[in-house]
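Annotated compositional bias 'Polar residues' per TrEMBL: 134-152, in sequence order. As annotated by TrEMBL, domain 'Replication factor-A protein 1 N-terminal' applies to 5-100. Per TrEMBL, domain 'OB' is recorded for 196-275. According to TrEMBL, the domain 'Replication protein A OB' annotation covers 304-408. What TrEMBL lists as domain 'Replication factor A C-terminal' is 466-616. Per TrEMBL, the feature region 'Disordered' maps to 124-162.
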Amino acid sequence: MAVNLTPNAIAAIIAGDVNSKPLVQILDIKLIAAAAQPKERYRLLLSDAVSSQHAMLATQLSDRVKSGQVRKGSVVQLIDYICTSSQNRKIIVVLNMETIIRECEIIGNPKSLVEFDSTAQKPLPNGSLDHSTRVSNNRFNAQNPGQSVQSFPPTVQPPYQPPPNYRNHGPMLKNDAPARIIPITALNPYQGRWAIKARVTAKGDMRRYNNARGDGKVFSFDLLDSDGGEIRVTCFNAVVDRFYDAIEIGKVYLISKGSLKPAQKNFNHLKNEWEIFLETTSTVELCPEEDGSIPRQQFSFRPISEIENAENNSILDVIGIVISVNPSVPIMRKNGMETQRRILNLKDGSGKSVELTLWGEFCNREGQKLKEMIDSGSFPVLAVKAGKVNDFNGKSIGSISSTQLFIDPDFPEARGLRNWFDRGGKNVASVSISREIMPGGSKNEIRKTVSQIKDEGLGRSDKPDWVTVKATISFIKTDTFCYTACPLMIGDRQCNKKVTKSGNMWTCDRCNQEFEECDYRYLLQAQIQDHTGLTWVTAFQESGEEILGCSAKELYLLKYEEQDDDKFGGIIRSRLFNQYLFRLKIKEEMYGDEQRVKITIVKADNVNHSSESRYMLDLISKFSR
């Protein structure tokens, strides 16, 4: 069965047609392998029965090739397409199409448009072909007299006529035609002319950098369009000066004349394989009228229970009820600049809670507002857009420059969470995945007694054992309970290496820097015991604060600066013979030439008698079965 393909379709598209929606045939399909492209991309050879031309298939259509919906010989109708130049060659970019006939014999005797143009006359001004072209077509039809011809009248277009605005004005200059507004998902590097209309959902701070090419500055912002497509836009140097003050979060802009490059996934969390880099010729126009079709933000929330299995440094969205907010504390970065850190806790209906660490301005802005709300007795809903996963001592979430925080937002997920919390979720016990849930698979929640640690040889395998022990503190060493630590930041973590004092300055050998004040961190040695025995354990900073109820610096100053031994001793004695649920890390380490099992307290929780009773009842029910 032969099909009437749209006459002169290839030449029309090359000349600039974007509206005729022609019928063409796919002569060939090839997979393009490129290391820089994170997704598969296919190159097509399109034919209108007389001429053929190479085309690129948009990545969102690649599945049609994989599923067999589009194959060699398929007759398709081009719905959305554009012609652009790549390496001085014309290439068609297919953004959308429909398969009319999945399998079909090759129609006509198509030749490459370059070859055809060199042998055939060009269309006459009235749009008709000269005699030699008509003879060629008649010769083809005569060779196939017995074949039935299927026609698609609605899609067959007459030979392409240039738009009236450009007729008889000579050749069209590059960039004279207005760019079409296309969806963000349809953007690709093979398009020469495009425009997108989108809302700014996030804007990063302007950052300065220094590399081998000199000093520079950069900032980025994220866009969201009405189809849900997202993409990051980055500006450098002189382009920063043009657009930094003009870009506002929440506003809608029309953007064109940028270049597309593969997204750097180490820094870009958006679900798009490309980034836009604006140039000096780029245009960014504010759309003064509000476009209600473009959402103000797009979330992909993950339950807190799923964050346990999230990869370190991955970027995700999370929503939860704020159940506690710690004070903001100053932190010294490695570059000598001081920043702020504030830790708060979120819980949701998955039965889990997680620590969220706020850095910089988040501490004084949203962090302070949340602290005031918690202090007043309310528990706000907090939605976190683009938080970074950290797996140091369990899983936690940290803010980054592109993070956005929404307090008590008005959307379905927040309303559902508020309803759950007010109807009893407030009293539902949750297990923290931060610092207390450690790697080790099924051993995360294993309960042991003190004697089982030794009897079962825990900690002597290649990987550490992680167990929970209910025990009482019977003794705390007070001669060396803390150490002087480096306060500088290395990336998003504090150095914490031991420092030495030289004159009035403290020196860190790791950072190779001096500073006037150091940090004080717990290195607590204690004995814990239960009904089966006792053992020595070590508690570092966070777990030391949980046990003693104050910072290492406060206790250090009390003992060595104020020399108030009575008050110091009172704090220590008040913590003895209190019962805790200890999360322990047990690992054999080398001390000199001797192997010793080291037990570290990762978290110390006061015993919740309600939860503990449920745990005991569950044990009883298991034994009674």
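Heads up, the Cβ atoms here are built off N, Cα and C, so glycines get one too.
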Secondary structure tally of the domain 'OB' (196-275) (DSSP, helix then strand then coil): 6 helix, 42 strand, 32 coil
Taken over the domain 'Replication factor A C-terminal' (466-616), the model's mean pLDDT: 89
Number of helical, extended and coil residues in the domain 'Replication protein A OB' (304-408), per DSSP: 19 helix, 51 strand, 35 coil
The domain 'Replication factor-A protein 1 N-terminal' (5-100): DSSP-derived helix, strand, coil residue counts: 15 helix, 48 strand, 33 coil
